[in-house]
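Some features that Swiss-Prot has for this protein:
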BINDING   G41, P42, E43, A44, S45, G46, K47, T48  ATP binding site
Amino acid sequence: MYLSRAVSPRNVPVFSTGSFALDVALGVGGLPKGRLVEIYGPEASGKTALALHMLSMLLIRSLAKAIGVNTENLLLSQPDCGKQALSLVDTLIQSGSVDVIVVDSVAALVPKGELDGEMGDAHMAIQARLMSQALRKFSHSLLLSQTLLIFINQVRERFGGPTEVTSGGNALKFYAPMRLDIKRIGLIKKGEEFFRMTKCLCLNACAHNGKSSLREDSEEQARSAI
């Protein structure tokens, strides 16, 4: 079989982020269904707010409420450890009954061995191995269920290397076809209220499966204020 016949460009169905400017900047109209997306950035940069705003678009289209999250249709879970959380995510994906899953956050996915150990014990790369195993399993299930899986992640400083790195090892960078770097760039005052202005940088927008593009033309880095 020729490669040109086996792999054909196609538009991937998406979920809107709730921001028209960001949807346009992403190049595909939103966050792709059946894929894994990472939203990361420093604290108080708007990562969780973006995820909640997108959920509000799915739960109530009219956006009658200020934030719009319909708590009657929103499942909230607070697992005891990282393995339990990722096992729950796997169950939800395979059920095919959930459109969007948000994991907030990667840094909070503490391995059980670390919870059971003593303070000061060395637990090198346990979380990275846990994430790597889970993402290998998720990648195929997401395509079958067309569920969107969003991981919210923090950045931290690392000595002797890049100024900022994300938690959870390198597996998330490899498996996520779209990574959104969120940064706060200022505040806007309207009357007595302050609103956060955020800049979003889309780092890569190619599907992991075969490294194919999410749309026909190649995706450039996109910036958008949300």
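Backbone N, Cα and C atoms are what each Cβ position is placed from, and that goes for glycine too.
Long-range neighbours of E43 (ATP binding site) (same chain, six or more residues apart, CB within less than 8 Å of its CB): Q154. One residue stands out among the binding-site residues S45, T48 for having the most other Cβ atoms within 10 Å of its Cβ: S45.
When other Cβ atoms within 10 Å of the Cβ of K47 (ATP binding site) are tallied across all protein chains shown, the result is 24. When the binding-site residues G41, G46 are compared by the number of other CB atoms within 10 angstroms of each CB, G46 has the fewest. Listed in chain order, the residues near the ATP site other than G41, P42, E43, A44, S45, G46, K47, T48 are Q154, I182, R184, each with its Cβ within 8 Å of the site Cβ centroid. In the three-state DSSP scheme, P42 (ATP binding site) falls into the coil class.
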